[in-house]
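Taking it in order: structure first as C-alpha cells, then the write-up.
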Amino acid sequence: MSSVLKAFERFTIEQELQDRGEEGSIPPETLKSAVKVFVINTPNPTTRYHMLNFCLRIICSQNARASHRVGALITLFSLPSAGMQNHIRLADRSPEAQIERCEIDGFEPGTYRLIPNARANLTANEIAAYALLADDLPPTINNGTPYVHADVEGQPCDEIEQFLDRCYSVLIQAWVMVCKCMTAYDQPAGSADRRFAKYQQQGRLEARYMLQPEAQRLIQTAIRKSLVVRQYLTFELQLARRQGLLSNRYYAMVGDIGKYIENSGLTAFFLTLKYALGTKWSPLSLAAFTGELTKLRSLMMLYRDLGEQARYLALLEAPQIMDFAPGGYPLIFSYAMGVGTVLDVQMRNYTYARPFLNGYYFQIGVETARRQQGTVDNRVADDLGLTPEQRTEVTQLIDRLARGRGAGIPGGPVNPFVPPVQQQQPAAAYEDIPALEESDDDGDEDGGAGFQNGAQAPAARQGGQNDFRVQPLQDPIQAQLFMPLYPQVSNIPNHQNHQINRIGGMEHQDLLRYNENGDSQQDARGEHGNTFPNNPNQNAQSQVGDWDE
C-alpha cells in the first residue's frame, strides 16, 4: 500500500513538472505585425522631450492603430537610455512582432512632423500620417493635451536634468498602470492614487507632470492589449532586479514598482502557503488535506523550475498560471483564508469568497486562529531563553487582549489616542445595565468573563467616587471599545426587582441572578460554578478575576 501512495505522490508532482521545452526554444512562427520604433541618437534634451510628448499623443490618439501605439510605447520606455538603438533590441526577442527602427533627427519647429534620418525607412505619407495622429486627440482629453496642466508641453527643456525629471514623472505613471493591467484593470483606481502619492512624497514624481486620468487609462489599455510591450517590460523588470545598490534613478524606480507587479495573479497560492503551511498548526494533519498538500508541494517545485520569469506569469500570459489556481486545492485554501481573516486585517481587501470556498474548512481556520493566537512556538522560545513563567505570561496577555480587556486597565484595552491618566477611568456612561445572558453554544473555554444563563453583569453603583455615569464621555473611541464588555441583551422592566452592584476596588463584588418570574432572588453562579450570595451583607469575595484585573 505504501508503494501505491508513493507512486501517487510522484505522479502528482510529475503532472506539474511536464516537459515544456527549452527556455530559448523558438515557437512556431505566426503572422507578425510591423512595429516602427523611433530612435534618437542625440542626447539633446529638447528633441527627446518633444519625442516624449509625441509618443504620448500617439498612444492617446483616437485613430491610431495598435502597431502605432506599440511602437510609441516601446519608444517611450526607451527614452531615458543613452543608447536607444541597443536598448530597443530587448523588444526583438518577442516572437509576436517585427521591430523596425526609424532614426529621427528631430521635429519641424512648432509641429509634431518628424524629421527622419537618411537611414530611416519612412515615407512622406507616413510622416504626414503620424503628424495627423499626434493632433487627433479624443474629446475625452481636456485642453488638447494629455497632461493635467495645459502649459506643460510648451515649456522649454534645454537641460538633461529637466528632461529626466519630466520623463521619469511620465514613465512612473505608465509603470503604475502596469501593476493592474492584467489582474484588476477594471477596478477603482484607489491603489494607483496611493502609489502616485507615495512617489510624489519620495520626489520621484512631480505633480506638475501628472497625466489626465483618461490618458493613464489609454496607456493601460494599450499595454494590456500588446504582448510585445509586456514582454519588453518583463525584460526591463529582470534588469532592474539584477542591479546592485549603486544603480541609476530609472532602474531603482523600476525595481521599486516591480515589487507590486511580481507574483500578480498568484495571490491565492502565496496566501495559502503563508497561512496554511506557514503557521504549522495542528489542522494540517487532517486526512482531507493530504492530497492537497501533495499538490502544493508540486506547485512549489514548479515555481522553482520556472525560474526568474515565474514572477511575471500574469504579465506574460503564461499558461502555467492556471496550475496555481486555488480551485486545485479548495479545502486547504478555505482553511488558509479562515486563518488569514483573523490574523491579517489586510485580508478584507482580498476577495476570497470563491464559488469553491468550503465554509466548514473556512470556519476551522477561523476557530484555529482564534485559539492559537496565544500559543508559543517552543523552538523560538528556547532560542530566546524564555522560562515557563514567561511563556505563560505571554499566553495570558494574548488571551486578555483577545477578550477585549486591557493589560490591567479596568474598562477596556489601552487606547493610544487617550493619555494614560484618562485611561484609568472608563469613559462610557450607562443609564441602564441590562441582563447579560450567555448563548448556549458559548462554552466560555477561553477563560473570558462569562456567566451562566440568567446571570446579570455587574454594574456601577450609583453615586460616589466610582460612579461611572457621572463621568464625562472623554473619548468616543475608548467608549466604543468599553461598551462591548456589557452587551445589551434586553432592557430590564421597571416592575421587576434588580440591584446595581459595585465593581472596581470595592469590598464586595456580587453577581446577581435575575429571576424573570418575579420570584425571590437566588444565588448566581459564575463561570466556574462558584456561588455568589445575593445578600450584600455577607462578606463574600468575588472569585471572577476578570473584574478585578
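Cβ atoms here come from the backbone N, Cα and C positions, even for glycine.
Per Swiss-Prot, the feature RNA binding site maps to Lys180, Arg195, Tyr260, Tyr350, Arg354; the stated evidence is similarity to another entry. If you draw a 10 Å sphere around the CB of Lys180 (RNA binding site), it holds 19 other CB atoms from the protein chains shown.
Swiss-Prot lists 412-428 (among others) with the feature compositional bias 'Low complexity'.
The compositional bias 'Acidic residues' annotation in Swiss-Prot covers 437-447.
Feature annotation from Swiss-Prot assigns compositional bias 'Low complexity' to 452-465 (among others).
Annotated compositional bias 'Polar residues' per Swiss-Prot: 531-549, in sequence order.
What Swiss-Prot lists as phosphoserine is Ser439.
Among the features that Swiss-Prot reports, region 'Ncore' is placed at 1-404, with the record citing similarity to another entry.
Swiss-Prot lists 1-398 with the feature region 'P protein-binding'.
Among the features that Swiss-Prot reports, region 'Ntail' is placed at 401-549 (among others), with the record citing similarity to another entry.
The region 'Ntail' feature in Swiss-Prot is assigned to 405-549 (among others); the stated evidence is similarity to another entry.
Annotated region 'Disordered' per Swiss-Prot: 409-428 (among others), in sequence order.
Feature annotation from Swiss-Prot assigns region 'Disordered' to 437-467 (among others).
Positions annotated as region 'Disordered' by Swiss-Prot: 517-549 (among others).
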Maximal Cα-Cα distance (Å) across residues annotated as binding RNA, namely Lys180, Arg195, Tyr260, Tyr350, Arg354: 28
Sparsest-packed of the listed binding-site residues (Arg195, Arg354) - C-beta count within 10 angstroms: Arg354
Mean of pLDDT values spanning the region 'P protein-binding' (1-398): 89
Number of other Cβ atoms within 10 Å of the Cβ of Tyr350 (RNA binding site) across all protein chains: 14
Other CB atoms, at most 10 A from the CB of Tyr260 (RNA binding site): 15
